[in-house]
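All remarks here apply to the structure that follows.
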Amino acid sequence: MKSILKKAKHFFHTNETVNGENGGEKTAKESESQQHHQQQQQHDENGANPPDQGVDEASNVSQSQPTTSALQTSTSLQPSSSLHQIPQSQSSLELTTNPTQQLPTTPTKQLPTPPPPQQPHSQQQQQQQQQSQSQLNNNDISISTNTNNTTNNTNNNNNIDSTLTTPVPSSENLATLSTSTTSEQQPNSQPTPNNTNTTTSPPPSSASTSNLSTSTTTTTTTTTTTTAAANENTNTTQEQTVSPNKPPQPPNALSQSTTSSSTSSTSLLSSTFSKFKIKLGSGSTKNKDSSSAPGTPHINNNNNTVSSSNKNRSTLVITPGSVNNNNNNQNNHKNNNTTPDHPPEEQKPVEKEVITIATLADFPEDCQKLIRISGIPEEKLIKNIQILAYVLHFRTGRFFKLVDEPPREPRKKFVSERFNDGEKLLEPVEPALLKKMYKDSDQVGKGGFGTVYFAKSTKEKRLVAIKKMPHVTKRQQQQNFREAAILAKCDHPNIVKLHTCHIDKDSNLWIVMEFMEGGTFEEAAKAWKFNENNLAYVAKELLKGLQYLHENHMVHRDLKSANIMMSVEGKVKLIDFGLCEDVATSTPMHMVGSPFWMAPEMIQQKYHSTPVDIWSFAISLLEMANQRPPMMESAVKAMFTVATDGATGFDDPALWSDCFKDFLSLCLKQDPAERATAEELLKHPFIKKADSRDNMENILKKIFLTNSLMNSGF
């Protein structure tokens, strides 16, 4: 009898646990319980095993023996029934969801339930939830988004990259969750969120905390984060990359627990921004499903400057001043490497610095040094300070203006229409084939406008001279084509002949000209002491070439010994027409050329024309007679003296005849209008003293063959 009463007592205790508050059905259940006790008593008397199942028709609940460690309950309740959470010592009622699926944003309607028993850590969990909610409400949210500013874009799919960054609480076990989202936006419509491959849960509430809990594990034990981890994550932003096939890993402070209580802050953030696709990682990490539209503006939170990008991803960063994200922003800026999607505005030309001069002491120190080296008397410099300013401008590139200088009329830019077709001279040849067309190239000279080589043309089976010049900028192209066009129009035995033009792979223009075996007038003057007959021969050849140029309204403007070629055959020709000017429709004024051969009117920055070539021609003859240019010790002194006093003359006048002196005096008149022309000089008696060509061939062969042997090491 005692055993029967003990079992009955246990039965009533179990029935109360299952049915809870259904007290209205107690009477019917007691009658059924008596019948059940009788069956068990009969079973005990017979010594058989207890039945497998006891069916409670009122509750329809399956039960097992009381000694079972876990009570697994499968319920099919009436609308008035409710579930009671079983104490933790017995079992756990778990709702396991696939972490790759998204929970519905609207929770299902739950049946009324009594408050569940408190878990050991429930009070701590509620405190964490309240603190996290207050932190999220009080702290600003830094939103970093990639968007296309063009609202009238005709594309139907415009990708928007967004980065959602929550500020890090300074005293809680929270970590910054950096979220990058991608959504498709239709024109003039709201963005449609993409599928989310993350486990999210709506914000917990007092009525449905236990029913809406989701977990990726099989236990409900809550793990607590350490204070050290929270402190470490306070000043840093941790970012993780989410694989399309794997659920995202939470930050360090949240990675130890994925239950509802430990992920309360994550659930709040996920539910608030559930319409975004979460992609944890740096701003520079690319995703197949997300791409920023070209030309996306970039605002740096440090200085709020705006830029845009065509190639790289850019982000729109709006950071409140209360959150310190300088390090993260700097890293994002480095990763983005944004470049403008439109060419930068052309830089305005830098205004030239003009130095006002009243006395010699007003010149800068570098100019003062050049003045001291020249050795020009101070009284002469003060008297001609304007000329000194012109000379120093040519030598240093600085601009000077006298205090009492009268205003000058602006310079006119003249563009000749006769020599603007040099591009037509280009021969259509692949740049890679140029080395095959011209073999055995060897450098023979180098100047300010390019480098000269001689080579063998495989096509023409002859030696040629090739002048290579940089051909990149617009100004270089204009000057190079201009020189080629002038040479193409010149057809004279005393002017070097043009063959063709090419452009190589390094953007250099090749001007292919006739090859002259020999050297320059400068080299010959240093190697040989010429007499008047030799000089008369050279003067006659040069004057014929100058006469041809001047009659065709062209001025060389850079005539000097280095631009005069002499061959072993006795030929004398003008080369290097890079500064040649068309004076048929213009009168140039600016200062160009070489300082020792420059005419006075050019140094004085006056309008000049063909007489400047006559002056330079005479200085070249003086160089040949003296075996050096006049006043070689100082370019400033040479230019200043020429502009004020004129040329100096012979080093040893006694060695030269009056005929030669008279010839040079006609060429070196200070006033260009009084200077003799090339046609007049060809009629001068000095020209009649010219040596024969055969004799000049022998002299030039001795000069240049000796130089060749010396250069070859023999």
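Backbone N, Cα and C define each Cβ position, glycine as well.
According to Swiss-Prot, the features are:
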- 1-12: compositional bias 'Basic residues' (COMPBIAS)
- 1-267: region 'Disordered' (REGION)
- 23-35: compositional bias 'Basic and acidic residues' (COMPBIAS)
- 62-83: compositional bias 'Low complexity' (COMPBIAS)
- 84-94: compositional bias 'Polar residues' (COMPBIAS)
- 95-111: compositional bias 'Low complexity' (COMPBIAS)
- 120-166: compositional bias 'Low complexity' (COMPBIAS)
- 167-177: compositional bias 'Polar residues' (COMPBIAS)
- 178-241: compositional bias 'Low complexity' (COMPBIAS)
- 254-267: compositional bias 'Low complexity' (COMPBIAS)
- 281-349: region 'Disordered' (REGION)
- 282-294: compositional bias 'Polar residues' (COMPBIAS)
- 300-314: compositional bias 'Low complexity' (COMPBIAS)
- 324-337: compositional bias 'Low complexity' (COMPBIAS)
- 438-687: domain 'Protein kinase' (DOMAIN)
- VAL444, GLY445, LYS446, GLY447, GLY448, PHE449, GLY450, THR451, VAL452, LYS467: ATP binding site (BINDING)
- ASP558: active site, proton acceptor (ACT_SITE)
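Here the features listed in Swiss-Prot are painted onto the structure.
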residue: VAL444; record: ATP binding site; DSSP class: strand
residue: GLY450; record: ATP binding site; DSSP class: strand
residue: ASP558; record: active site, proton acceptor; DSSP class: coil
Site with most surrounding Cβ atoms, counting all protein chains shown within 10 Å, from the binding-site residues VAL444, VAL452: VAL452
For LYS446 (ATP binding site), the number of other Cβ atoms found within 10 Å of its own Cβ: 11
Neighbouring C-beta atoms (10 Å sphere around the C-beta of the residue listed as 'active site, proton acceptor'): 24
The residue listed as 'active site, proton acceptor' and GLY450 (ATP binding site), distance between Cα atoms, whole Å: 15
Inter-residue Cα distance where the pair is ASP558 (active site, proton acceptor) and VAL452 (ATP binding site), in Å: 17
Per-residue pLDDT averaged over the domain 'Protein kinase' (438-687), given as an integer: 91
Packing count at GLY450 (ATP binding site) (other Cβ atoms within 10 Å of its Cβ): 22
Between the residue listed as 'active site, proton acceptor' and VAL444 (ATP binding site): CA-CA distance (Å): 20
Residue pair the residue listed as 'active site, proton acceptor', LYS446 (ATP binding site) - Cα distance, angstrom, rounded: 15
